[in-house]
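Notes to accompany the following structure.
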Amino acid sequence: MKQTLLNLSANGRLIAGLLVNLLSSICIVFINKWIYVHYGFPNMTLTLVHFVVTWLGLYVCQKMDIFAPKSLPIRSIVWLALSFCGFVAFTNLSLQNNAIGTYQLAKAMTTPVIILIQTTYYKKTFSTKIKLTLVPITLGVILNSYFDVRFNMLGTVFATLGVLVTSLYQVWVGAKQHELQVNSMQLLYYQAPLSSGFLLCVVPMFEPLTGDGGIFGPWSLPALATVLFSGVVAFLVNLSIYWIIGNTSAVTYNMFGHFKFCITLVGGYLIFNDPISINQALGILCTLAGILSYTHFKLAEQEEGKSRLAQRP
């Protein structure tokens with residue numbers, strides 16, 4: 001009876017964690033889009049709010065012994081913190097200037113770019129099956145962009161920069177975690193305040209401080225409340241991702257990611273009335289097929305590698 005209650009409690013926590021991640025990951029996209037469309041809040045300032053709230057949330061977590069911070073030399077994560085600023089800012093600018101469908105599909109190009117960076121600069125090799133899955137991913141993104149009636153050059157530039165910087169950030173995060181022997185929360189605990197400091201210095205150069213659209217402009221209470229809420233949701237996204245990876249398998253996390261991908265696309269068309277053509281729908285299905293194939297082959301290779309290690313004397 002006691003074991004049954006423990007299992008029910010564990011399953012309850014798992015379901016709660018998955019629900020928090022599902023709701024927060026989808027909400028952050030729609031809330032940010034709502035802020036850009038209805039309030040016109042400056043992008044870099046919104047990013048700064050997210051960083052500050054994330055750091056404050058992590059500070060509370062470490063005080064509650066959810067994780068133990070590890071002392072890190074600041075100079076070792078300066079470039080990582082800069083890339084963190086870049087990928088969040090450019091990703092938000094992509095969301096601001098593109099339809100949600102185009103924004104979401106553009107993010108799928110991160111996988112091919114990461115493979116290109118690792119192959120070119122880190123001499124890492126990938127199987128032919130993995131490389132072939134990049135074809136439908138890329139083709140689907142091109143199809144969607146070509147037939148997107150809201151296609152614009154500025155949105156494409158921001159989406160491209162977002163993919164490039166995000167890819168660099170993800171490659172560097174893996175390298176730094178291995179080099180410094182830290183987990184993602186320990187690394188983020190130092191990244192967030194450092195990135196906040198960088199953005200604080202840069203924001204006045206690109207965004208007005210006062211007047212309409214300025215940081216200290218006449219914002220309504222609902223606008224400020226929505227911005228603060230988006231910061232809390234951004235923190236929940238980061239925290240729940242770490243919790244899910246630590247308490248489930250890679251299969252669960254990846255499959256759950258595909259589910260969120262589909263819901264976000266559908267939600268964009270329903271909530272913001274983003275138009276979609278048959279050709280765009282084919283592009284979305286093509287990209288999704290490539291993502292699913294990549295995940296299947298990648299996880300199969302990981303399981304095969306674990307089996308080989310287990311069989312060694």
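Just so you know, glycine gets a Cβ as well, placed from its N, Cα and C.
From a predicted model like this one, the values you see are computed outputs, not experimental measurements.
So that you can see what the record holds, here are the features copied from TrEMBL:
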{"type": "DOMAIN", "residues": "23-294", "note": "domain 'Sugar phosphate transporter'"}
{"type": "TRANSMEM", "residues": "12-35", "note": "transmembrane segment"}
{"type": "TRANSMEM", "residues": "41-60", "note": "transmembrane segment"}
{"type": "TRANSMEM", "residues": "72-93", "note": "transmembrane segment"}
{"type": "TRANSMEM", "residues": "99-118", "note": "transmembrane segment"}
{"type": "TRANSMEM", "residues": "153-175", "note": "transmembrane segment"}
{"type": "TRANSMEM", "residues": "187-206", "note": "transmembrane segment"}
{"type": "TRANSMEM", "residues": "226-245", "note": "transmembrane segment"}
{"type": "TRANSMEM", "residues": "252-272", "note": "transmembrane segment"}
{"type": "TRANSMEM", "residues": "278-297", "note": "transmembrane segment"}
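Within its own chain, the transmembrane segment (187-206) has Cβ neighbours under 8 Å at 42, 44-45, 47-48, 51-52, 54-55, 58-59, 62, 67, 69, 72, 74, 77-78, 80-82, 84-85, 88-89, 173, 176-177, 180, 215, 238, counting only residues six or more beyond its boundaries.
Remote same-chain residues near the transmembrane segment (41-60) are listed as 32, 35, 85, 88-89, 92-93, 96, 185, 188-189, 192-193, 195-196, 199-200, 202-203, 206-208, 213-215, 219, 223, 227-228, 230-232, 234-235, 238-239 (criterion: CB distance under 8 Å, separation of at least six residues from the stretch ends).
Counted over residue pairs 6 or more apart, the CB atoms of the transmembrane segment (12-35) and the transmembrane segment (153-175) come under 8 Å in fewer than three pairs, which marks the two as apart. Packing against the transmembrane segment (153-175) from elsewhere in the chain are residues 79-80, 83-84, 86-87, 90-91, 93-94, 96-98, 102-103, 106-107, 109-110, 113-114, 117-118, 122, 145, 184, 187: each is 6 or more residues past its ends and has a CB under 8 Å from a CB in it.
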